[in-house]
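Step one of this worksheet: look at the structure below.
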Amino acid sequence: MTDPSGWNISCELNFSFVRSINGILKSCHVVLGLIAFILILSYSPAKYLDGTYAGIACTKSAAFFLLVSYSFLVISFLVFFCSLLSYHTASTLPKTAFELTYHVIACFMYIIASLTLMIVLIKDNQNPLSQLIKDPGYNGKVAASVFGVMNSIVYGISIFLTIRSR
């Protein structure tokens with residue numbers, strides 16, 4: 001199809017990318033990141049001031065995990081989507097410094113955020129009174145941190161494959 005300015009416009013999805021190991025890993029980044037983000041967001045209680053929604057009320061570790069999971073979810077989705085739309089992007093991106101740097105930073109940020117959240121949750125809920133005063137959403141937040149650790153492992157595998165492909 002040609003638009004009025006003479007540019008050739010076509011849209012083909014790169015389904016071979018989705019079946020490749022890089023495509024599978026990138027889709028795992030998106031899915032695991034989405035699950036972790038939804039869990040931490042769902043199990044952090046809403047805060048209301050004078051009857052008006054004012055955000056979520058959470059600890060610093062939960063807020064840090066929320067920030068990390070959201071940030072890398074957005075970037076991972078964009079990288080996956082761009083690779084799905086372009087054969088050139090899917091074949092070139094794994095060999096770039098961006099890909100390696102992104103995976104290293106994502107791996108470390110996810111592992112730091114996940115372990116921090118898990119340690120704070122377990123430490124704060126191990127006293128004898130914790131059965132009475134358990135953190136709201138304790139189980140969901142622990143599950144979110146486990147998905148964060150799983151995502152950091154997948155990012156670690158991506159680091160290895162990116163280094164190997166260079």
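The backbone N, Cα and C atoms fix where each Cβ goes, and this holds for glycine too.
Predicted automatically and left uncurated, TrEMBL annotations should be read as such.
According to TrEMBL, the protein carries these features:
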- 17-166: domain 'MARVEL' (DOMAIN)
- 23-43: transmembrane segment (TRANSMEM)
- 63-88: transmembrane segment (TRANSMEM)
- 100-122: transmembrane segment (TRANSMEM)
- 142-163: transmembrane segment (TRANSMEM)
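Sequence-distant contacts of the transmembrane segment (142-163), counting only residues of its own chain at least 6 positions beyond either end whose CB sits under 8 Å from a CB of the stretch, comprise 21-22, 25-26, 28-29, 32-33, 35-37, 39-40, 43, 65, 68-69, 72, 94-95, 99-100, 103-104, 106-108, 110-111, 113-115, 117-118, 121-122. Nonlocal intrachain contacts for the transmembrane segment (23-43), taken as residues 6+ away from its ends with a CB within less than 8 angstroms of a stretch CB, comprise 17, 56, 62, 65-66, 69-70, 72-73, 76-77, 79-80, 83-84, 90, 106, 117, 136-141, 143-145, 147-148, 150-151, 154-155, 157-158, 161. For the domain 'MARVEL' (17-166), the DSSP-based tally of helix, strand and coil residues reads 120 helix, 9 strand, 21 coil.
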